[in-house]
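One structure below.
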Amino acid sequence: MTETTEVASVKTHRATPSLRRTARSGRSPGGHRTRGRLLRRATPWLFLLAPLVLLVTFTYVPVGNMIYYSFTDWDGISPDRNFTGADNYVQIFTRPELFRVFFVSFYYLAASVAQIAIALYFATVLSFNLRYRNLFKGLLFFPYLINGVAIGFVFLYFFQDGGTLDSVLSWFGSDTDHAWLGDPTSANTSLAGVSVWRFTGLNFVLFLGAIQSIPGELYEAAQLDGATRWQQFRHIIAPGIKPVLSLSIILAISGSLAVFEIPYIMTGGATGTSTFVIQTVKLAFQFNKTGLASAAAVVLLLIILLITWIQRRLVPDEKVDLV
Amino acid sequence: MTTAPQTASRTRPGSDPRRARWRGRLGQTLVYLSLVVAPLVVLLPLAVVFLTSLKTSEEVTDRGALSLPRDWLNFSNYATAFSDGHMLTAFGNTAFILLFSITGTVIIGSMTAYAIDRFHFRARKLVMGLFLVATLVPGVTTQVATFQVVNSFGLFDTRWAPILLYMGTDIVSIYIFLQFVRGIPVSLDEAARLDGANSFTIYRKIIFPLLRPAVATVVIIKGITTYNDFYIPFLYMPSQELGTISTALFRFKGPFGAHWENISAGAVLVILPTLIAFLFLQRYIYNGFASGATK
């Protein structure tokens, strides 16, 4: 960020003369003061017109409609819909087959804990270790950039019978005939593992950036005083990355509730791997239960808003503020 | 910060130097081991898929997943994936969507940032609040109702549905632009205004050209996320001829269910552009995603 702002300020100097020229040639003689004032008042709105229309149409109208649909039994097609009160919400929390998907989130939550721990470990190690840092950083980050469908297929082959994982395990002498995606526990663990593989790199790069922004003199001073690596981590690195860490934890929690791509592509939600979003999509677009699906989406939205609210209360972060 | 040296000097005299050295060496070995294992874990699944994509159908069924292909120049699977997977159409559709949604995002994001930062009008706080609250609403949850909105415009199953959604719901890029607009001195605007430039001229001739680094960041982040998105094209463009990279690859697996050599080739075809972009734009990508994630 600092680099780019520097570039911007350098360009400022160069841009000024040419700008003066164009502005002067564009000047029109004669005054139009009253019209000018009206125009000036309207100017910000002219800039904001298109963005606000898009924002309202694709974010606020859907949220409003969704809340409205959630109290009806609408099927998404027919012109008539009946008001059913809180019936949809009651169904979500009382029908076990609808509620069960929440428990799948715990696999992904556990995975994100592992993911943050791994990322933190490598970020700390690599911050001391200069050699091969960029190569390592690139290797670890690249999975984050890969297309989700491609990742899904890569890992379908990985977990396949006689696929990559089985072959590697047979090298180490354990010939398993385990169907990795065959039963719910194993399938969910495998899918959560894919999510660790995919997202660790992002956390790693964020942590590494935060650690590198800590001034080097602090480590030198600590080393002179005989601090061990662990003490350096505990007292210098940990406080330095606290904001990024808390952000990562919140992203991990809301992310593990909104998992969709990997399980949908790899198993289609079969063998107990259906997540909350997969179930909502299926309810809405396969079984035409728009009302029930909307209620489910509202519940998820409320949970995520609640988590975000808790985060803002616990970690008052100046960066989050828009002003 | 002051606590570090204190605790350090307290624990130091107690430890036995020989044991500490041995432990240090073991620890270092384990650290190096982990630095070797992690890249292997990342690369192995990808490498195996690359190897598989070069094999013949018999090689895939008869030999293990980790075996090497007999002919390293066997690109026939790529030809199959490219033609039967309708990859050309998919790349075309993705390019079309990328072009319009990125252009739109850049224009909309920079205009919003300019209006919010440079004008003091009534309801400015309200507008900012609207954008701020919208960041909290996860896109996946609202699609049930967004679908009805898109459908009522008659945009379902057209390429304009994803374009509008990518353009209209991208608040992260507004943040990135806002950070940069703040960094541009207001005296520049004032100087131009004294010379008779109106707000549009200032936006077009001063602000926008100075936003070039932000534009680069937004183009890269937006480009990669749009290229990789599966959910929106999958929901809004079910027609075969409207497949994007993600949906075309997803549908390709159906008829080729067990032909892993073909599916692997398709996956490699999709990953390759990302790899090339990453190798050339590494530094920008790290910065972009870091600022995008932390906002």
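Keep in mind that glycine also has a Cβ here, set from the backbone N, Cα and C atoms.
Per TrEMBL, region 'Disordered' is recorded for A:1-35.
Positions annotated as transmembrane segment by TrEMBL: A:45-71 (among others). Remote same-chain partners of the transmembrane segment (A:45-71), defined as residues 6 or more beyond its termini with a Cβ less than 8 Å from a stretch Cβ, comprise 81, 83-86, 88-89, 290-291, 294-295, 297-298, 301.
TrEMBL lists A:101-311 with the feature domain 'ABC transmembrane type-1'.
Under the heading transmembrane segment, TrEMBL lists A:106-128 (among others).
Within the chain, the transmembrane segment (A:140-159) has long-range Cβ neighbours (under 8 A, six or more residues past its boundaries) at 122, 165, 180-181, 190, 194, 197-202, 204-205, 261-262, 265-266. What TrEMBL records for A:140-159 (among others) is transmembrane segment.
If you look up TrEMBL, you'll see A:190-211 (among others) marked as transmembrane segment.
Here TrEMBL flags A:244-266 (among others) as transmembrane segment. Proximity of distant same-chain residues to the transmembrane segment (A:244-266), defined by a Cβ-Cβ separation under 8 Å and at least 6 residues beyond the stretch ends, is recorded for 104-106, 108-109, 111-113, 115-116, 119-120, 148-149, 151-153, 155-156, 181, 191, 194-195, 198-199, 203, 206-207, 209-210, 273-278, 281, 300, 303-304, 307-308, 311, 314-315, 317.
The feature transmembrane segment is assigned by TrEMBL to A:291-310 (among others). Counting same-chain residues at least six beyond the ends of the transmembrane segment (A:291-310), those with a Cβ under 8 angstroms from any Cβ of the stretch are 63, 66-67, 69-75, 81, 84, 88-89, 91-92, 98, 250, 253-254, 257-258, 276-277, 279-281, 283-284.
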